[in-house]
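These notes concern the structure reproduced below.
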Amino acid sequence: MHPTPRTHSVRSFPFSKLASLIHYSRLSSRPQLWTKLLPRPVPISGRTAAVAKRLLSSTTRATEPHSTSRVQPRPRPGLTFARPAVLSIQKRFCQSEVTSSFTDMASDRDILPAWAKPSHYAISLHDIEFGGKFGYKGTVAINTKITKDDGFSELVLNAHQLKVHAAELKAGDATKSAKDISYDEKRQRVTLDFGEKINYSGEVTLEVRFEGTINNIMAGFYRSKYTPKGEVPASVAKDDDFHYMYSTQFEACDARRAFPCFDEPNLKATFDVEIEAPKDQVVLSNMPEKETKESKRDGFHTVVFETTPVMSTYLLAWAIGDFEYVEAFTERKYNGKSIPVRVYTTRGLKKQGEFALDNCHKIVDYFSEVFQVDYPLPKVDLLAVHEFSHGAMENWGLITYRTTAVLFDPETSADSYRNRVAYVVAHELAHQWFGNLVTMDWWNELWLNEGFATWVGWFAIDHLYPDWNVWGQFVTDSVQQAFALDALRTSHPIEVPVYDGLEVDQIFDHISYLKGSSVIRMLSAHLGEKVFLQGVADYLKAHQYSNATTNDLWSALSKASGQDVSSFMDFWVRKIGFPVVTVAEEPGQIGIRQQRFLLAGDVKPEEDSTVWWIPLGLHAGSSPSTASLHETGALTQKEETIRNVEGDFYQLNKNLTGFYRTNYPPERLVKLGEARHELTVQDKIGVIGDAYANSIAGFGSTAGLLALVEKFQDESDYLVWSQILTNVGNVRSVLSSNEDVSEALRKYHLKLVTPAVEKIDWEFKDGEGFLVGQLRAALILSAGLVGHKATVDEALKRFDAYTSGNDKSAIHPSLRRAVFGIAIKNGGESAYKAVQNEYLSTSSIDGKEICLVTMGRVQTPELAQDFLKFVFSNKVATQDKHSGIIALANNSKVRPEVWKYIRDNWDQTVYPALSGNFVVLERFLRFGLNKFADEKVADEIAAFFKNKDTRGYDKGLEVIDDTIRSYAKYAKRDEGVVREWLKANNYLS
């Protein structure tokens, strides 16, 4: 372990001060400020007056709950709200509204009978076919505790696409065989009927014989196709085109595809696994190999693994293939020994696992120290899987990854993949504690796994790579993406009711991962990093090898901090959406008001009942460099006035630590732009991102956004440019249907990037920072796509040398995405075909992904249709088909071809190709269709899917519809404003 200073740690934001006492003289109600903000005041109701009366009576009792209701209608001018003497709000929220809706959540689930609970599985797999029909057979013996006092005649397990041949129950001295075996395919269950009542309470053993198929849909026990890098053993499965490796993917509910089981996360057990396999292939599982036994099959043996700790079925894993590995050991000792850490690949790729390996052993030691709980298993294996529906999977002790998330070649990989590999490795290692050691009780609390792993993953990378500005990346990527989804009506709370496990795949989204981690970052900043991590460590120790709930986490953090965490955090976790804080100014004071933020901008009163606890992070002073924290605590009601805001500068939500948008007056936005050189990177990202979102939703105007962004032409930071280019690109995309406006915005974009791109060169230099290289790649791509002549000429020259002259050094690996995209946009069919050939021949780990993304830059409907046919050919792996659709959807020239292809080829091509895995299908549709800004298209999509069975991807369709209609509303409202601004600034005649 090599400790380095955390120069961009969340500790830099002192929200731990927000619980301190604030003098009442600094707080007063000034509703007249809101006459500017509330042109349509809401009439006062009797309930509102009652709320006001209660507040007036509690001005000196800040620690007393102020209401049993959280609904506070907005006040109109003339109604004065008294302010409490302190803004520490830990006791001010009555949680009845939130907790009551979740109290009975467990009763509204379709789960297995509670009276049968497994404690141990013994799984034996044999007669595995390496080719042919890819079948296998198995037995599973499940030690099960029965607590049904009045007896039972049948047992119900989860099983899906398996054939159960026989089942036998040993209860005491009696043995009973199943007389009837029936299946419920919809609920993915098998019922074993023993034909008579069994009066037995206690431990029984259920032994089931079954068979299944090693499928090709990236779920359950499945096969991945690949082209080997060298000679492989004859026993490896293959067909005419590809070889195959075998592996598993059980989360969320696909262990049942591999063996009959009690497939629910809170039904934890230990596992013994043995697998019969060819002697010349490698067999892996969660635990180290215990022994091998001879097999009756010639050339085979049975590999037996050590018993696992208590864990959920979704964390079990195994793999079989022609694997090799690189190895390192932890520096820290665990029970007196260093732990072996390995990265496994198919033959010929192990060297590309060295970067992940170097990160892995350091992160294991770091997490063991930070969490105060040692890594609990005797090994850590990372396995590169050639076809993978997600990025990676945290199987305990055998973590699986898609190749681009774990392999990196410093000679041929784009440097952006270095960042990706480091982060994904850290994310999955975080799960070894968050999710594996302590598991959410049910899927509604998925965020306890994914939100924490996301935040902790970035936390570890900040520790290893302080020069990467990790928290700047977090703000421009994670926070902004979470905002984007949570700004829709079709979003969901972080903690969302899940009826059965079959629904859960649709909440593996930006809310569970990115909003969850953003809220954790906000809470850590408020409590203080040291206190927060101590609470987390206490939580892990208290619930290790068991299941936990959100309330368990709040309890541990409350004990560590001395604050009632649930009182101010429950609404962030259990309520949909997030707020926008609108600011009004008067000399020496500001008025602030919170309301729910919706992308469509049309919040209804019933949608705006939540009053969030909002850490203000208000800094004020004569300038950004001299501004200090203005200790105003948190906004805990609909509106507030803050007095004694001295100096010419102030800013809310320093470093975008709070999960909310800020809507400044137009004049303040101008001043923030003028002060840009004194703002932190995270603050710049926040100001730009908020201005963009507010313009889309109608809180601000696109004219103000464009004027603000113009000031950043001299910006030199990659992360700030990433935010600028994303937001300007989205505006151009939404307003692309009007040719005049579209062309004028292109000119604007060109003028914006020209000074920056002309300051950089094309050569990567030894020792230059990671972010410098990323800036070069981003600016070259952006400038080339909007027609910067020198950039286009240089890109075409290098592309020709690379493709025609076979000079692979002509394009730096980190510039392939830029050069290929520019070449295809400007070079037509010949360039498109050249990149397609590159896709087919590339040996670079990231090469296929890069080619797919860039081929979507085509400029004609004919080439777009050709590309879509290519995407749905067997040349493109199912896991990668969405990569091809992303660039097409972002390409306004050919975007309509995406919907046309889906509509015309749904039954014969799209659905058959993707429906085996609804995660892949939903992702493809969402990426392909949510860039439209035309209500007619939304109507067409709705009509097309109206009579189809959309279970498994229906929530994705709702998001698509919501997004399109919100963009359409924005385009209709702001196109004229944008046109006038472009005219006034000589971009449009």
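Here, residue 1 is simply the first one shown, and the rest follow in order.
Glycine too: its Cβ is placed from the backbone N, Cα and C atoms.
Of the residues Glu387, Glu411, Glu450, TrEMBL puts just one in the Zn(2+) site with His427, His431: Glu450. Neighbouring residues of the recorded Zn(2+) site, listed in sequence order and excluding His427, His431, Glu450, comprise Glu394, Glu428, Ala430, Phe434, Gly435, Asn449, Phe452, Ala453, Thr454, Gly457, Tyr513 (Cβ within 8 Å of the Cβ centroid).
A 10 Å radius around the C-alpha of Tyr513 (site 'Transition state stabilizer') takes in these recorded positions out of His427, Glu428, His431, Glu450, in sequence order: Glu450. Counting only residues at least six positions away in the same chain, the Cβ atoms of Leu382, Ala392, Met393, Glu394, Ile399, Tyr401, Ala453 sit under 8 Å from the Cβ of Glu428 (active site, proton acceptor). The number of other Cβ atoms within 10 Å of the Cβ belonging to Glu450 (Zn(2+) binding site), over all protein chains shown, comes to 26. Cβ neighbour count for His431 (Zn(2+) binding site) (all protein chains, 10 Å cutoff from its Cβ): 24. Annotation for His427 (Zn(2+) binding site): spatial neighbours Ala392, Ala453, Thr454, Val456, Gly457, criterion Cβ-Cβ under 8 Å with sequence separation of six or more.
If you draw a 10 Å sphere around the CB of Tyr513 (site 'Transition state stabilizer'), it holds 24 other CB atoms from the protein chains shown.
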